[in-house]
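The structure appears below as structure tokens.
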Amino acid sequence: MTPGEIRRLYFIVRTFLSYGLDELIPKMRITLPLRIWRRMLFWMPNRHKDKLLGERLRLALQELGPVWIKFGQMLSTRRDLFPPQIADQLALLQDRVAPFDGARAKQQIEEAMGNIPVETWFDDFDIKPLASASIAQVHTARLKENGKEIVIKVIRPDILPVIRADMKLIYRLARWVPRLLPDGRRLRPMEVVREYEKTLIDELNLLRESANAIQLRRNFENSPMLYVPEVYSDYCSQNMMVMERIYGIPVSDIVALENQGTNMKLLAERGVQVFFTQVFRDSFFHADMHPGNIFVSYEHPEDPKYIGIDCGIVGSLNKEDKRYLAENFIAFFNRDYRKVAELHVDSGWVPPDTNVEEFEFAIRTVCEPIFEKPLSEISFGHVLLNLFNTARRFNMEVQPQLVLLQKTLLYVEGVGRQLYPQLDLWKTAKPFLESWIKDQVGLPALVRSFKEKAPFWIEKMPEIPELIYDSLRHSKNLQHSMDKITRELQSNRVRQGQSRYLFGIGATLLLSGTLLLINRPDWQMMPAWLMAGGLVVWLIGWRKTR
């Protein structure tokens, strides 16, 4: 480790101990050296004994900085790793940090634009940031060419070395988890960290975020439910993104929404519809839909529209995952637990040799109590959570796309019920899911598939006679090759039979000669002739095998 890494590790250890996080070390024989070492560091006592463990963990991560804050946010969605009281505290982590110098941001913008002054491209550039987070911060300006209001997102300077240094330490900690926890290997800590690192590195590439925003805007063009600001891609680079400035009410500001007369029921239902449309219609969903990234337009409060920003994290599901997920939801709400178990096996989410009866019973045991509540109070996110946690006991592999989906669904549900506590997610989502499944099977799906593939077959039609001729010729050649191989195999079997016969004769002659040589030494030449004959016969048999 470098001196810098050692200093950083010391700071992390001191922070963890000052918040009493040594409580997380399990009391096992293998951890005894760690617990002894902890006692030796007596000058680092727990200074927050009045707080619960979950709160102390959250405060420690906030003190350690942006990389650890985002790591905690990601862990809050993995409720199979932590008890609810810790996961709930991690979900409260806020990605808010002090802004860096506006002059430095201006310099970065100029570097991204080819060392040309900001004033060449933009008017009214505000040196004071509009918002600041751990990865980037945002400044306002106007496009010089048309005067449109824009925001410029700039990556923090020198953030990459900080991320790489902290990720090294997180990887070191992850390697210890399987050794320290009895269930550590099943939790796949290295996969969790790799997933987090990929998400973090993706957020550093604003060209990727620009492309995501453009795609999402195209998917919801002229939609009454969601507006995505325009991206000015000519000005975008890996470290800078320029997009239309929007004005709206933060979705978490319930008072402001009510004061302008917003139809809260419709707004909450549209949030659910937007989510399911992204997942099932588009196979492309905004996976960071926390309240800080969602606004509501000031226009037409009786017919409200969402505004979505910050498309750094997106998810997608393939066709099979979408179908299995939709059928899982419907089977669950129909209490068809056998179907749920079979779908998990058919999808490959659990191994094919899983005992379906045992799996069905486990799902029933965990999920049946949920129906003690009214349907309007049942959480889709927690349904998924319960299903996946049960499936993990049957060796379900971690599915990163489903983890993202679960996190996003929990956000959507939380926002929806904050807007309209009586929101019935199942009533809102069921027609959409049933319509989507109906569209994926039967005659409509067959017709659509034919239409999609018709241009390909029309293009290949002239080649079909030649392909048929080639197929017949190859079939004939293949038959000749098979006949030749069959003859060779038969010949080999005959030779092997002859070889075994000759080996037997040769061995018999050699053994007879040896016995005569021992018992009748007066028969001078006979043993020698027998042994020589046996050797010759044995050699002939050996050559037959060549």
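Any Cβ shown, glycine's included, is placed from N, Cα and C.
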Please pick, from LYS106, LYS153, LYS168, the residue that Swiss-Prot records in the ATP site together with LEU130, ALA131, SER132, ALA133, SER134, ILE135, ALA136, GLN137, VAL138.
LYS153
Using a 10 Å cut-off, grab the number of neighbouring Cβ atoms around the Cβ of ASP288 (active site, proton acceptor), all chains included.
22
I need the least crowded one of these binding-site residues (LEU130, VAL138), counting other C-beta atoms within 10 angstroms of each C-beta.
LEU130
Counting every protein chain present, what is the number of Cβ atoms, excluding its own, within 10 Å of the Cβ of ALA136 (ATP binding site)?
25
Can you give me the Cα-Cα distance between SER134 (ATP binding site) and ASP288 (active site, proton acceptor) in Å, rounded to a whole number?
15
Determine, for the ATP site, the additional residues of the same chain whose CB lies within 8 Å of the mean position of the CB atoms of LEU130, ALA131, SER132, ALA133, SER134, ILE135, ALA136, GLN137, VAL138, LYS153; present them in sequence order.
PRO99, PRO129, VAL154, ARG156
